[in-house]
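Under the heading domain 'ABC transmembrane type-1', TrEMBL lists B:72-283. The feature transmembrane segment is assigned by TrEMBL to B:21-46, B:66-91, B:112-136, B:148-171, B:192-217, B:262-287.
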Amino acid sequence: MMKKLTPVIEWGTLLLSTGTVCFFMVVILWDIISKGAPSLSWQFVSTLPKAGMTQGGILPAITGTVLLTLITALVAAPFGICCAVYLNEYASDNWFTRLIRAAIRNLTGVPSIIYGLFGLALFVQALHLGTSLLAAGFTLGLLSLPYMITTTEEALRRIPASTREAALAIGATQLESIRDVVLPSALPGILTGVVLTLSRAAGETAPILFTGVAFYINNPAGFLNQEFMALPYHLYMLSTQHQAIEQVRPLAYGTALVLIIVVFLLNLTAFYVRYKYSRHE
Amino acid sequence: MKLALRENIDRTAKWVFRATGIVVIAILAGIFFMLMWNTIAFFLKIKPLDFITGTQWNPSGGQARYGILPLLVSTCLVTLGAMAIAIPLGIGTAAFLSEYAGKRLKNILKPLIEMLAAVPSVAIGFLGIVVLGPGIAGLTQQANGLNALNGAILLAVMSLPTIITVAEDALQGIPGTYKEASYGVGATKWQTLIRVTIPAAAPGILAAVMLGVGRAIGETMTVLMATGNAAAFPKGFFHSVRTITATIAIEMGEVPYETTHYYALFAIAAVLFLVTLIINMIGEYFVNKYRKYHSA
């Protein structure tokens, strides 16, 4: 009897831990979707907040997050791709390369709030950008850089050496081979990495706390040198700092749902690019 | 285009690419010097010993106190709690995925875990307030459930994807011959997992745990929203605590530029930076050790 039961218990332990992890995920999704969906409407995503945030929509927070993510991409993608190209195409194994790699690994582990402090000291104060969309975008760009480099390098590594040798053999310089052959064939992989990195940046709150985010901006357009609203910060304020917390709870749920939809849409895009690419191979 | 010109462009491009590598090093150096510079400015005003051994954090009181201990203990408490939950769950799930789950089940579970990793920390913190908080409050008869336990559970959820993914990679990396040898001497699947596969993958699993710890210690929004943020010395899992990250997030927005309080926040950030740096280095040491061990 015991002998028959033992494998069941053993197997059950592992199944239980896996089940618990899935349970967490289901609770997170179910709670946010079921309670956020009633607040979701065209009016919610297309109008300004009204009556001290207790009514109206979250349009400025959506446009703020979109603009912020765009600036992050403009900062992190060119630098990240160039650095990955250097590491994968040019660098030999010497102390300089090892130093860059060590720096990237350490930057990946730096807590996001410390990026926030760095952005405050460097962009807001030293470079006199003030608390602004630009300063926050630059800060998130720095935070995203190590991920951008790692994912791009992985994409470049998948391109076989023979591809590069073929380009060099017909007389292309190394730059021409990279520009016309290596980068185009690695493009889907690079894009996947860029989009995944941006989905992470879009949900970050800590780095933008002191670099430019604001609770209420009465203007959806957004200017580079002004403060802005963002979805994650809006959710934070609605759920902890608002004077009528219970009253704005539906709005908080709606904001959480919109934020999750934005992040998952970016992830789905990356997933789709990767899927399409892997089928072509 | 002339060949000489093309070669010149090629040479210039190489330097441009190399310059981006220097930028990366400069960012890390910049973060390091910013923290050190402000920490030194802080230590010119407050004795380092008072900072390290002080049991009170009260920068705005009549007599300002800058003791890091309550914040450090809070951070450790929440992180330890998170790991007590996440390590067994993470390793169990990784073992299930790598040893038991079929291909079809894996194709469902792995994207689900990736989705969990993608949920923004502020959304997890929000659920700590609206779901977990009332739940804990109901169980413990407290006014609200915003305490160290709440934060620990949320951080466990957040570090689980990291731990599962890295630990599963480690388990998958164990050569099939190890397991076959174990089956060959009559061990069951479970005995093989516990006595052969997991010990062989131990460095990789340790690396997974270290990465999880690093993620939990540095997390800001979840603990800021879920742990209640009482500045008193932490009394236990059922009391409100305030971590290093939460303290920076709460106070940085309000402190005047270049005051002792301002410098103090950089000093606690420097401590956080050093702790995460050490933990990530330990994690990396185990990853490398694991790699060497199995490529040999």
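Any Cβ shown, glycine's included, is placed from N, Cα and C.
Same-chain residues lying 6 or more positions outside the transmembrane segment (B:192-217) and placing a CB less than 8 Å from one of its CB atoms are 75, 78-79, 82-83, 86-87, 90-91, 94-95, 99, 155-156, 158-160, 162-167, 169-171, 173-174, 178-179, 181-183, 272, 275-276, 279-280, 282-284, 286-287, 289-290, 293.
By the Cβ criterion (under 8 Å, sequence separation of 6 or more), the transmembrane segment (B:21-46) is not in contact with the transmembrane segment (B:148-171), since fewer than 3 such pairs are found. If one looks beyond the transmembrane segment (B:112-136) by at least 6 residues along the same chain, the residues whose Cβ comes under 8 Å of a Cβ in the stretch are 93, 142, 144-147, 149-151, 153-154, 157-158, 160-162, 164-165, 219-226. Packing against the transmembrane segment (B:262-287) from elsewhere in the chain are residues 31-32, 34-36, 38-39, 41-43, 45-46, 51, 59, 66, 68, 71-72, 75, 203-204, 206-207, 209-211, 213-214, 217-218, 244-245, 247-248, 251-252, 255-256: each is 6 or more residues past its ends and has a CB under 8 Å from a CB in it.
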